[in-house]
Ligand SMILES: NC(=O)C1=CN([C@@H]2O[C@H](COP(=O)(O)OP(=O)(O)OC[C@H]3O[C@@H](n4cnc5c(N)ncnc54)[C@H](O)[C@@H]3O)[C@@H](O)[C@H]2O)[C@@H](O)CC1
Ligand SMILES: Nc1ncnc2c1ncn2[C@@H]1O[C@H](COP(=O)(O)OP(=O)(O)O)[C@@H](O)[C@H]1O
Ligand SMILES: [K+]
């Protein structure tokens, strides 16, 4: 399953119509059939269904749905449409004419009291006002209509995307319909899975509209992570192997204030299959970590006030060659010592995973990222803002644009943009994770993710696949944990424990 931008979706529609000679009304008919399935799930034939139709093909889907419902014996179907016939899209006109022939009532009004009455009588409201063609903020009567509907807490099914939501960014364009469910056509659109749009779209289901599979396969878009995809990415463990087969990792991080971040990262790496793990840490936390960690080696470096001192990079320099790759950043702080270590690591030829404070530090020296070795960055929105030197609002409003523009400037970078729906991408491929929940919105869960990534990268040495596996398994753990525990009570360490079950489940699919 893919997530495609509205531009790509329009291009797919064009190819279907012009190159595959599928008339637009055929696609529209299938769109209506797909939505009807979801009406059938919740409505009896005597329920009162109000379909709001706008000026474009989204409205056309609404008119087509009205015919199908009527045809199937739904007794109380009505359309609300304030668009004059001559201003409708070409295919919408066809279905509007058909709806007229079926004597489906088409109601038109700009009187809010009347509209409120109409909504009050509805059991289900279908939102076919705007789809991927929304091009400007919603104002005037549509704004009033939407706000009125939202106050009435009706069961609302949006077609393609909740009207008012920007299909590409999820931003609210003036106002947005609060849908119970959204039937997204052919693919997900970024706007129906990304906040705040996701909160308006309700439960999102993707339905086929007889779009040729070839067109979908060739389209540009984020692949959505699922069990089968991630099982195929999960590194295999061979009978004839030894610890050297699964990666020699150097993990650099920690400070007197934040040794927990490092410990969780290390534990997650160990539980995610790393061959050997050596932790470079400020000497002041050596004893603490030695008490916590048994399966890894410790490499204390010189310390100043509980943080790495500037000398620590010099001490580590000659030892870097002993390792296959480095993970750096967790709990290390942003001082001069940490800065020197990030510089040392990025100027080496080793593959490198950067997390936490290392992302902040490299944001001040983006030239360090111009390197050939694989580099995996794991920013949350604020860290993405440091890295890209863009405003936090820009990142939040259109992360895909910010991330892709950022990647263009560098070579071998894989980026994990962490958020409610995390994106994993490099210049050529892009994946989105829709699993997970707000139990992960707690200090420490990012450290666990970084550790999982370390363990998986060590095994496969494939940046993109290991990043996808780490993100997905991490999120699936949270989804599994909330079945038995409350969101409040799930701790980062629980994710590490749960990961064993999720790895096993995915491995059984291999
Ligand atoms: N052949 C196709 O292109 C298909 C399209 N489909 C449906 O068509 C939708 C896309 O259709 P369209 O491209 O016609 O776009 P929309 O139906 O989303 O609306 C476009 C129309 O809305 C107007 N508009 C945009 N923003 C507005 C605003 N803020 N206030 C008032 N008017 C505004 C535009 O001027 C244009 O007339 C999809 O979301 C999907 O539901 C499906 O029927 C499948 C096939
Ligand atoms: N509301 C949420 N829903 C799903 N996942 C979330 C949510 N909030 C945070 N996460 C996930 O939790 C992790 C938090 O990482 P980060 O912010 O780096 O935490 P930390 O500072 O503890 O390391 C990321 O993987 C992120 O995708
Ligand atoms: K809609």
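Heads up, residue numbers simply count up from 1 along the chain you see.
Just so it is clear, glycine is given a Cβ too, placed from its N, Cα and C backbone atoms.
In the three-state DSSP scheme, residue 135 ((6S)-NADPHX binding site) falls into the coil class. The feature (6S)-NADPHX binding site is assigned by TrEMBL to 57-61, 131-137, 142, 160, 261, 331, 380, 447.
Within the same chain, residues at least 6 positions away in sequence whose Cβ sits under 8 Å from that of residue 163 (K(+) binding site) are 52, 54, 58, 127, 129, 130, 131, 134, 138, 146, 176, 177. Per TrEMBL, the feature K(+) binding site maps to 58, 127, 163.
For residue 446 (AMP binding site), the same-chain residues 6+ apart in sequence whose C-beta sits under 8 angstroms from its C-beta are 355, 356, 378, 380, 418. Taken from TrEMBL, the feature AMP binding site applies to 418, 419, 420, 421, 422, 446.
The annotation domain 'YjeF N-terminal' is assigned in TrEMBL to 9-217.
Here TrEMBL flags 21-79 as domain 'Rhodanese'.
Taken from TrEMBL, the feature domain 'YjeF C-terminal' covers 226-506.
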Top Cα neighbour of residue 331 ((6S)-NADPHX binding site) in the set of binding-site residues 419, 420, 421, 422: 419
Listed binding-site residues with Cβ under 6 Å from ligand 1, out of 58, 163, 446: 58
8 Å Cβ shell about 58, 127, 163 centroid, K(+) site members excluded: 52, 54, 59, 62, 128, 129, 130, 131, 158, 159, 160, 161, 162, 177
Largest tally of Cβ atoms lying within 10 Å of a Cβ, found at which of the binding-site residues 60, 331: 60
Candidates near ligand 2 among the binding-site residues 57, 60, 142, 421, 422, judged by a Cβ under 6 angstroms: 422
DSSP-derived structure type at residue 142 ((6S)-NADPHX binding site), helix or strand or else coil: helix
